[in-house]
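What TrEMBL lists as L-histidine binding site is B:123, B:124, B:125, B:153, B:167, B:171, B:317, B:321, B:322. Annotated domain 'Aminoacyl-transfer RNA synthetases class-II family profile' per TrEMBL: B:23-393, in sequence order.
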């Protein structure tokens, strides 16, 4: 065992101290903004009953859910049918095989359910829906909750895609006010501005407008194909979108109607005006326009810091899920996929039997935001999470001498360490450097005799002789 | 599906907003103290390769580790041997059975390893050891790390024992200085005092003293039985301990030697003096005494806030693990098991092939500390995590009127919410009460006309008319 080089499972990560400081900076910033807007934190267990998760994310999702093996003598519960044996035995003889895969004896799906009753959280939304239904009698609605926890997906790992990653969600249930949607835009604006981004775009659309468009073309049943196609405009261009639409059952006449919608230009107000004409005969389309107008009206009373808000009719994002507003956030400063998204869903808790509770929510893509801040060098150079002062004694006498000062530093709130006696000063300074410690205090026999300690600023290299009291004052 | 009442797996918990505020208060306090002493946070993945965890916690531990089912077509990898079939088939005929448990076809232990390559973190110590070995070339030693993450154990759930719970550990590796041990005592003292505890006891012992005692009795091979027995002194009394020792192979003569050690009384200094005489002929025993003396000497340079430190020769805690100091923390204010513990282990990373790296660490029992603070009502009444001001509009006009004030409050850093128009004031006030919101601003037509808004302190019930600007100033 000792010879195996230790590692983590593929797609999973350790986070070093320096990474944790940066990750905490992002999470703490987002959390503080969530709280400012009245969202409260909850946590749900890592494991849910399999029945809670299965079937909620489509077949592909089911496949990607990590299942936990039952504990105890679990294999007693897996029963192999006798009539499997006869045919299998014959087969074994026939092919002269020595072993046979378990799959031949038991359907794998059935096997999984007999082996496993629990599964790992796949996202934060379904556990939240389960939470709301389970605790509905303790909850005061509207319920504004945020949640920052890891989720797990048995996806093929690749650059930027992990099997364990944190989600960072805020949702409100039990309020149909569009003030919530407006505030989600404010939350994106405030959190991302606070993190130092200066140029980012919050795209907004409304599922009802997409429904309206499909309606006026006379192909409401093709709404999914339509939105999947036009959602790709950025990537495959207009020709690509048109080709895809043609293969999906749209006619050239449909496309003549769609094209001006897809290519809609102008300010948000201009776009809405155009849409009013285009969707004049669609009640649901007009409702979508009205909702967007209400959100824009709210936003007029607020001032945004750095975000621009753009109505984008091609935005779809998990369309079958959303029923009203749809959001997506992109930075213009580096090339990166969306760093946030969300929308309104009218029946979140229906899957657990609680009907008619409307909800809306947003999510921050923490890993991508991390990469953006790294690339733009926006992480603050100094922080309060690391050690500020390291005391470096030449010997045991220096160590003893340093103890009261060490306690004094901590007493006034300074993160401080004393390097235990016995190491060369060079090694101690390397330690300070590697740990990004701001100040070092060196204590040798001269220093103890004079009471003036060598105080070094590790960033500037500047060095002076100061008393212990003066040093404590200088670093507070 | 909708008819199944949603629930969480047994032994697992949801945390409500109010619980999260309290849990964060505990974790944030402990983390800030860890940081003050130079400990840096890391995180390791929820899943480890099974080989990393199995065999590290004894047979009982192995049984309690949650295993994750392999993803993909995992049952292909489970091969059933042909020669199993012949006998099983015959057996099936014989007993006229229709099905047979999988266990008859495949040894369960083998089956588990073929079904599962990954396991959930069982504690923070083994993943930390794995981390240190894996990243040894990136780490500056001594490496002081803390880690606050959940762990999972397939234990039988009972009051106060969960299948998912957070551990809260600080460890240092690569430094044999006893300053680390002294600082662990300071960390316990500072963190628990900061949480409001006023009377708690940090017990300390040293494995080498226990070895010395076993040595002078002439039964070094019985050290485990000896310490397991004397560790129970609190619970079963001296007679109980003596009886257990007799059944484990100790003679009456051994017990005559042990009794004065077990019943050692006096101050820490007096106990150490007695031990020096008792262990005079044991080199390892004297080494243990010397280590404790060094720790006590360090502590003389520091002043403790609320903790008392007590040398307790009966303290053993997972003896096979620790090689030097052993700690345990108990509060005297409520009846509760230990709320913290730790010690020094000389070969943490040896299990992953990196020898000779000494370590020491402590842990806080967050769930128990939560219960203690709850019982003593030590959670702060107010906190910065919840909404401070709720604006309650009578109608749509009030809502619109409130928007600039809402933004102003948030701009100056106040957590503020506007209740969306359309609900009765009574319902809005209930919302404020349930969410523990400190202040409410009511906006009706009178208020809008005069510009003087109704400002209510929800705690005192006091109510006054103030301008929006005055309210913003009042709540900052």
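Cβ from N, Cα, C; glycine included.
Automated prediction, rather than curation, is the source of TrEMBL annotations.
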Where the record says B:123, B:124, B:125, B:153, B:167, B:171, B:317, B:321, B:322 bind L-histidine, what is the longest distance in Å from one Cα to another among those residues?
-> 22
Listed binding-site residues (B:125, B:167, B:317), ranked by Cβ neighbours within 10 Å, top entry = B:125
Reduced DSSP state (H/G/I helix, E/B strand, rest coil) at residue B:167 (L-histidine binding site) is strand
Which one of these binding-site residues has the most other Cβ atoms within 10 Å of its own Cβ: B:123, B:322?
-> B:322
Give the helix, strand or coil assignment DSSP yields for residue B:322 (L-histidine binding site).
-> coil
